[in-house]
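Per TrEMBL, these features apply:
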DOMAIN    72-327  domain 'Orn/DAP/Arg decarboxylase 2 N-terminal'
MOD_RES   Lys96  N6-(pyridoxal phosphate)lysine
BINDING   Gly278, Glu320, Pro321, Gly322, Arg323, Tyr421  pyridoxal 5'-phosphate binding site
BINDING   Arg323, Arg360, Tyr364, Glu392, Tyr421  substrate binding site
DOMAIN    332-419  domain 'Orn/DAP/Arg decarboxylase 2 C-terminal'
Amino acid sequence: MSRSAHPAGPRHADVLPEGHYSAPPTDLNALDPKVWAQTVGRTTDGVVEVGGIDVKALAEQFGTPAYFIDEADFRARARAWRTAFGPDADVFYAGKAFLSRAVVRWLYEEGLNLDVCSGGELATALSGGMPADRIAFHGNNKSTEEITRAVEAGVGRIVLDSFQEIVRVAHIASSLGRRQRVQIRVTVGVEAHTHEFIATAHEDQKFGVPLAGGQAAEAVRRALQLDGLEVIGIHSHIGSQIFDMSGFEVAAHRVVGLLKDIRDEHGIELPEIDLGGGLGIAYTSDDDPREPHEIAKALTEIVSRECESARLRTPRISVEPGRAIVGPTAFTLYEVGTIKPLDGLRTYVSVDGGMSDNIRTALYDAEYSVALVSRTSDAEPMLVRVVGKHCESGDIVVRDAFLPADLAPGDLIAVPATGAYCRSMASNYNHVLRPPVVAVGDGEARVIVRRETEEDLLRLDVG
Ligand SMILES: *Cc1c(COP(=O)(O)O)cnc(C)c1O
C-alpha cells in the first residue's frame, strides 16, 4: 500500500516540493557541532575522528555499518541534566532510546535513574547494576510476569497506565506481601511534536488514563483504596522531539489541577509529579534545541507557579529524557557502495546498512544529516538520497542531503545524531546483521554491543 500515488514517469527536480531540502551548505566539509557528538572533529589529514580515533581506523577495526558513541559526551549530557535539575528532582533516562549494560553503568555513575518498559529492559537495567529503587517501570500492557518481576526486584515505581492495571499491580504486590510505589499516568489532552502542540482531542491514544470526564480522578480514587499500592504521584508524557515548552506548560497546569482536586477530595497532597521526556535534539542545522538548564528552569518555574496558585506544596519533579541524552552522542558509520545518478532528479547513494539500523526515516519521515568523513573534498555539492541495501523502496536513511560530487564507492560517510531509537529499533530485515555499538573515548574504542553474526541468526532458527 502506498500513501500517495504518482503518475508514472520521472518526477523532475523542479517539481519537488519547495523547501523540502535546504540550499547546499557553504562548506560541505564542516561539521556542525549542534548535530555531531562533542569530541568529533577532523584530523589534519581531513579524516573525521571521535574520542581521539579516526573513522578509517574505526572502520578497519570494527567494520561498517557501526554505531560509535562518544562516552565523554554521553556522560557530560547525563551530568548536565542531573546538575540542571539538582538534588530536589529526579532524572530518569528513558532506556528505550538506547540501553546496554555499559550505558546503565554510566547512568548509575552520573547519578541518574532509569526508565524501563519491558522485561528485557528491566533485565538489562538490573544486570548492568542499576539499583532497583532507581528504576521506573512503564508500559501500557505490562504482563503479569513483568509486573511480578518488577515488584519482586523492588523497583522504585511502577507507572500505572489503566484501570485494569491498577487492580493487577495491587493484586500482585499484595500477594507478594509488598506495597508498591506507583504513579498514575494521565493523558492531559496535549500532544506535542517538534515546534507545535495541539491542546485538544489527543486523548485518542493507547497510553494513560484521560483527565477528561473525571477518569484520572477516579483512577486515583481506586488506587488509594488498595493496600498493595502507595500512590506517590501523577505522570504525564506529552510527545517527542519537542522544542516548544508551551505543551509542558499546559500539561503541568492540568496535572497540578488534578493534584488540587485530589487534595480537596482526599485531604492528601501527592508528593511527586513526572513530566515525562520528549525534549528535542538537532538532527540538522535547522534544529535549535534548548540546553538542560533552560529546560529545568522553565519546568521548575511552571510547576512552582501552578502550585502556588493552587496553594499546594510544590511536589518533587521528575523528568525522563531519552533522546536528549543519547541522541546526539552517536553517529552511524557506513561505507558507500553503489552510486546511481538519476538525471534531473538526484543521486542515490547506497550504503551497507539502511532501514534495519535506522528505521526512523521510513517510519516517521525523520530528517538526518550526512557527511563524507574519510576525507575532505573540494568538489561541488550534489543532491543525494542516502538509501540502504534492503528490498524496499522506502529504505531511506537520509531523504535529502548534499554530498561532494566526487563521492566514490569505498568512501566512508556518517549520519550524526543516531544515538536514540536507531540501535534500539534495529531489525533483522532481509536477515541483515544488526551493527555493533562501539564506545569511544580518550583514544580507546570498546565494543559495548557486539555485531550480530550469522550464527546468532541461525541459532534462533531451530530448523
Ligand atoms: C519515550 C518516552 C520517554 C522518552 O522520550 P524521549 O523523546 O526519548 O525523551 C520518556 N517517558 C516516556 C513515558 C516515554 O514513553
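Keep in mind that glycine also has a Cβ here, set from the backbone N, Cα and C atoms.
Known features from TrEMBL, placed on the structure.
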residue : record                              : DSSP class
Lys96   : N6-(pyridoxal phosphate)lysine      : coil
Gly278  : pyridoxal 5'-phosphate binding site : coil
Glu320  : pyridoxal 5'-phosphate binding site : coil
Arg360  : substrate binding site              : helix
Glu392  : substrate binding site              : coil
Tyr421  : pyridoxal 5'-phosphate binding site : coil
**Complete:** Distance filter, Cβ under 6 Å of ligand 1; input binding-site residues Gly278, Gly322, Arg323, Tyr364, Glu392, Tyr421; output Gly278, Gly322, Arg323
**Prompt:** Taking all residues of the domain 'Orn/DAP/Arg decarboxylase 2 C-terminal' (332-419) together, what is their mean pLDDT?
**Reply:** 97
**Prompt:** In terms of Cα spacing, which of the recorded positions Lys96, Gly278, Pro321, Gly322, Arg323, Tyr421 are within 10 angstroms of Arg360 (substrate binding site)?
**Reply:** Tyr421
**Request:** Please tell me which one of the recorded positions listed here (Lys96, Gly278, Pro321, Arg323, Tyr421) sits closest to Tyr364 (substrate binding site), measuring Cα to Cα?
**Result:** Tyr421
**Asked** Which of the recorded positions Lys96, Gly278, Gly322 has its Cα nearest to the Cα of Glu392 (substrate binding site)?
**Response** Lys96
**Prompt:** Counting every protein chain present, what is the number of Cβ atoms, excluding its own, within 10 Å of the Cβ of Lys96 (N6-(pyridoxal phosphate)lysine)?
**Reply:** 20
**Message:** Name the residue among the binding-site residues Tyr364, Tyr421 whose Cβ has the smallest number of other Cβ atoms within 10 Å.
**Reply:** Tyr364
**Item:** Residue among binding-site residues Glu320, Glu392 with least C-beta crowding, 10 angstrom cut-off
**Value:** Glu392
